[in-house]
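According to TrEMBL, the protein has these features:
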DOMAIN    4-115  domain 'Response regulatory'
MOD_RES   D55  4-aspartylphosphate
DOMAIN    138-235  domain 'HTH LytTR-type'
Amino acid sequence: MKVRCMIIDDEPPAQELLRSYVSKIEHFEITAVCSNALEAFAMLQKNTVDIIFLDIAMPQMSGLELIRSLPQKPPFIFTTAFREYGADGYELDALDYLVKPITFDRFLKAVAKFHQYKTYLNQHEAGHLSNAFEQAYLYFKVNKELAKVYLKEIIYIESIKDYIRIVTDSRSMVTYQRISYMEEKLPESRFMRVHKSYIIALDRVSGFCNDLVAIDKYSIPVGRSYKQKFMEYLR
């Protein structure tokens, strides 16, 4: 499986150096290169990455401010010319703090920390999955405000062009987001995309008939290309 990388730096030479380093790492691929934190913030609302390499001192918004603004933070490594931000970096749980000029050997050590982090998560995921899900939540921008939604309360999600409708136990809300982004964000063990326009909570399924899945009081269509996977789940 590919490790999707994002590079954020306002200096083209620094971008190119990181590009060259990432290209030498097996299974790593660059999915986005941003010249400022605001551009990166907008991109992260629509796309999921596995790791971010980012500068700190950038115009408009710093790397520190970007990380603090993200409700769900991917693993990240700071790449900066300033040593004095080290305490801030570790306070934000950065995997590593690379001071420019960055050698390839030092870059490899940072990548090794990422692999250690992923191994730790994989080893502990099974034991903590249930409890983690009970506490897990996402923020959505609704009517110019941030709405906190616990994953356990979601019944289904419907795509409406560039928007999605999130139906929960207590309310229904519409927000500007792609359903493909939600498909990546939500845990596969709890949610499944059953149609190009629908994602359902698997623990809410109560029946299936005539290509319609009964989920609480709702009937959700199951698309032809998604039916086989859903039927395998039912078995």
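Numbering starts at 1 and runs along the chain as it is shown here.
Backbone N, Cα and C atoms are what each Cβ position is placed from, and that goes for glycine too.
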The domain 'HTH LytTR-type' (138-235): DSSP-derived helix, strand, coil residue counts: 24 helix, 51 strand, 23 coil
Per-state residue totals over the domain 'Response regulatory' (4-115) - DSSP helix, strand, coil: 48 helix, 25 strand, 39 coil
Under 8 Å between C-beta atoms and at least six apart in sequence, can you list the same-chain neighbours of D55 (4-aspartylphosphate), or say none if there are none? I8, D9, D10, E11, A14, G63, F78, T79, T80
Mean pLDDT across the domain 'Response regulatory' (4-115) comes out at 93
